[in-house]
Amino acid sequence: MRFIHSSRLFELSMRPLSRTHWTRQIASRMVYLMPLKAVGTAAFMMLFFWAYFGVLRSPLFPPTVMPLTVLDRWIPVTAQAFPVYASLWIYVSLPAALLKEFRPLIMFGLWMAAMCLFCLGIFWLFPTGVPPAGIDWRLYPQMAMIKDVDASGNACPSLHVAAAVFAAIWLDRLIRAIGVPLVARWVIWLHCLAILWSTVATRQHVVLDVLAGSVVGAVFGIVSLRHAIRSAPSREL
């Protein structure tokens, strides 16, 4: 019996691992097409901001002020929200960095662009703005910088929120495919929720903007993910 048991252990030890450790998978995925991913992400953001500010400078109609809800009054303004708000630009870059095949990478970029164009179209046709916060933004220098650069007309749906939800849906699928521990999924969704909170805590948006942006991000995220998986040669991300 000892001989059989030892032989069984030896046989198991000699079998090749069917799955590469998740840390190695992440490293190999991030190296894959790294120059293309870096240049593509930078170019995407440059084109986005060019279109974004172009639309906000010339809306078809004066912006409609969005109404406040009880939740808007419950969520206080805080300077701690700014780093979370700004972290979106790293957050939305993570899915592309972790994709291991060219076709899903292109699908991610095209669907993200489609969502941005959809929201920009709404901002142009039906511009909306947040009500005056009644705050001296000189007390919040970092947020004052956003207020000086940003323009009215881009409130609903919140594209900031839509992009976060879109990225979270892709990241959730990616980390499951890689086999990352479950805690990572919690971190991804908690970070997403924190970004949603930050849009209200910086008074960039109101709660209704966040709800609308969440719906837009969820619809585009789910549809794009299914499309990308079907088009991937391996049928997996």
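Here the Cβ of each residue, glycine as well, is placed from N, Cα and C on the backbone.
Unlike curated records, TrEMBL annotations are generated automatically.
Feature list (source: TrEMBL):
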| type | residues | note |
| --- | --- | --- |
| DOMAIN | 105-225 | domain 'Phosphatidic acid phosphatase type 2/haloperoxidase' |
| TRANSMEM | 31-53 | transmembrane segment |
| TRANSMEM | 73-92 | transmembrane segment |
| TRANSMEM | 104-126 | transmembrane segment |
| TRANSMEM | 151-171 | transmembrane segment |
| TRANSMEM | 183-200 | transmembrane segment |
| TRANSMEM | 206-225 | transmembrane segment |
Hey, which bits of the same chain come close to the transmembrane segment (183-200), Cβ under 8 Å, at least six residues off its ends?
71-72, 75, 81-82, 84-85, 87-88, 91, 158, 160-161, 164-165, 167-168, 171-172, 175-176, 206-207, 209-210, 213-214
State the non-local partners of the transmembrane segment (73-92) in its own chain: residues 6+ outside its ends, Cβ under 8 Å from one of its Cβ atoms.
45, 112, 133, 135, 140, 142-143, 146, 160, 163-164, 166-167, 191-192, 194-195, 197-204, 207
Should anything in the same chain at least six residues away from the transmembrane segment (104-126) have a Cβ under 8 Å from its Cβ atoms, list it; otherwise answer none.
33, 36-37, 40, 44, 48, 51-52, 55-56, 58-61, 64, 92, 95-96, 153-154, 156-157, 159, 162-163, 166, 170, 216-217, 220, 223-224, 227-229, 231-232, 237
Sort out the residues at least 6 away from either end of the transmembrane segment (31-53), same chain, that have Cβ-Cβ distances under 8 Å to it, and list them.
89, 93, 96-97, 99-100, 102, 105, 109, 112-113, 116-117, 120, 151, 154
